[in-house]
Amino acid sequence: YFCFFSCRSGAKLIAPLGCLVSRQKHTLPDLPYDYGALEPHINAEIMQLHHSKHHATYVNNLNVTEEKYKEALAKGDVTAQVSLQPALKFNGGGHINHTIFWTNLSPKGGGEPKGELMEAIKRDFGSFANFKDKLTAVSVGVQGSGWGWLGYNKEQGRLQIAACANQDPLQGTTGLIPLLGIDVWEHAYYLQYKNVRPDYLKAIWNVINWENVSSRYATCKK
C-alpha cells in the first residue's frame, strides 16, 4: 500500500503487507501555539474543538481504516480494498489537510509574503491583492464543505488556486503541491461567524503564516 514501491529489493518483490505491519500509527500533531493564540480572528473554542475533536477523529478513523486495509491485503480481498478507498481518501485527506492548516496559521501572521513567494504571486496573479481576492472568492464559493488552496504546479512551474470538496487532499486529487489551505468546513468557523463564511475568510488573512507558506514554496521548487 503506502510504501509498496519502496519495498522492491532487486528483482524480488516484498509483499506490501510487510510495509503495513511495520508502519507507525498516525498521531494527532501538537499545535505550534495555544488554542487561544489566534484570537480575536479565530476563537479558542473553535480551535480546541477543531484540533482535539475533528482532526483527532480523522486520525483515529484513518488508523482503523488502514488496519482493515491491511487485513484485506493479507486475504487478497480486492473488493474490500476497493470499498475502503473512500474512507482512506476522506480520513487520510482530513489528516493531511489539517496537518498543513495548523502550520499555515500563526498568531504572528498576517500582512504579505516576501521574497520569492511574493514575486511568484505577482507573476502568476498580477498582484497580491488579486491573489487574495481570487483565493477568497474560490473559498467562499465552495459548495457545502471543502477547502480553498494555493498550490504549486510543478510541471508548469507556477502557482495555482484550486478548491477541493470535503477532505479531498490537494496533491492526491489534483497533482498540485499544497502551500496554503483554507478550511471552509462549518466546524472551522460556525461557532464564531455563524453562517457568514465571507467574514471568517476576511479574518483569517490576519493569521496566515507567510513564513510557513514561503518555506513550502522553496521546498517544492527544489
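Keep in mind that glycine also has a Cβ here, set from the backbone N, Cα and C atoms.
TrEMBL entries are annotated by machine, without manual review.
So that you can see what the record holds, here are the features copied from TrEMBL:
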- 25-106: domain 'Manganese/iron superoxide dismutase N-terminal' (DOMAIN)
- His50, His98, Asp183, His187: Mn(2+) binding site (BINDING)
- 113-216: domain 'Manganese/iron superoxide dismutase C-terminal' (DOMAIN)
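Mapped onto DSSP helix, strand and coil, the domain 'Manganese/iron superoxide dismutase C-terminal' (113-216) counts 54 helix, 24 strand, 26 coil. Averaged across the domain 'Manganese/iron superoxide dismutase N-terminal' (25-106), pLDDT in this predicted model comes to 97. Remark: secondary structure over the domain 'Manganese/iron superoxide dismutase N-terminal' (25-106) totals 59 helix, 1 strand, 22 coil, with classes taken from DSSP. Compute the center of the Cβ atoms of His50, His98, Asp183, His187, which mark the site for Mn(2+); besides them, the chain residues with Cβ within 8 Å of that center are His51, His54, His55, Phe101, Trp185, Ala188.
Other Cβ atoms within 10 Å of the Cβ of Asp183 (Mn(2+) binding site), summed over all protein chains shown, number 25. Fewest Cβ neighbours within 10 Å among the binding-site residues His98, His187: this applies to His187.
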